[in-house]
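Remarks on the structure that follows.
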């Protein structure tokens, strides 16, 4: 099976690309980094350190790479059986025009066999979003063929892949042993690909929100509380018993929303929370707080990992004290190298916390919840 994967970074190589290669797919990475492309094509393999309770070194073999800005990527789309992405939400829109050109060329070449596209991004229904962007570039005359032949399959992905430490091998990547890749089986065209580690479901949103409200919420609360206390890594922060307790409580608050909304078993979800806390404390992962905390404006948006679970607590009349504290800590996030962090601090200086919070989150500036968060923001100074 031929797979084209957009994004040859650590997540692409260490997570999605690895699972596909392990399933005997012919994986071609598409990326803008010419040095990375040359290295992958020269060696056609790379090492993956899988770390956790059991450690192992895997070698991913028989891979290739092309420039995502060149003509060769179009040729790969013409013959691909599967297209996947791990480029980040901010870059996803930028590959839509390339994908549209490739699909047009595919149809012109007479290839009407099923093609499935899976965006493996930290965003809700990211593939559906990509589909709408692709349709903006694909001529209307091709839309009916596109609808019958191409499946845009939403997914939920979960694996911590920190930036690789400097070493002599630029292709080497370190990943945690845990991974989860859940796909919406109702959106595939043709047969579902058989990939160990890819789990089909007909209830994707339950798993999307479980991951967003637990892993992502816990991760970001750990980062922002850890930043306030001067820690550098997620592990350092989560080993602080005060922070660990607050992060657990925040995930319990968001978990109560999931139990109400989707009927998750409270005991099983409590065990899931404990598993995530253990993942944050993995001594073999050096996951920097500024990597997790970056782009605070995106992470404070209404549909993201802090405000969306908070809105759920308001919907169901549930407690939210520790989610509020996580949002308050986010407002304190400073990082001169992060344009969004700089913009956030400028908004706070210009508008004050209530109006700035309303601008960023969509919450009403005069609401009780904003007043409560501002009080926590002031108490953290």
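From the backbone N, Cα and C atoms, a Cβ is placed for every residue, glycine too.
Quick look at what Swiss-Prot lists:
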BINDING   3, 4, 5, 6, 7, 8, 9, 10, 11, 12, 13, 14  NAD(+) binding site
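Counting other Cβ atoms within 10 Å of each Cβ, the lowest count among the binding-site residues 5, 7, 9, 11, 13 belongs to 9. Of all the Cβ atoms in the protein chains shown, 24 others lie within 10 Å of the Cβ of residue 3 (NAD(+) binding site).
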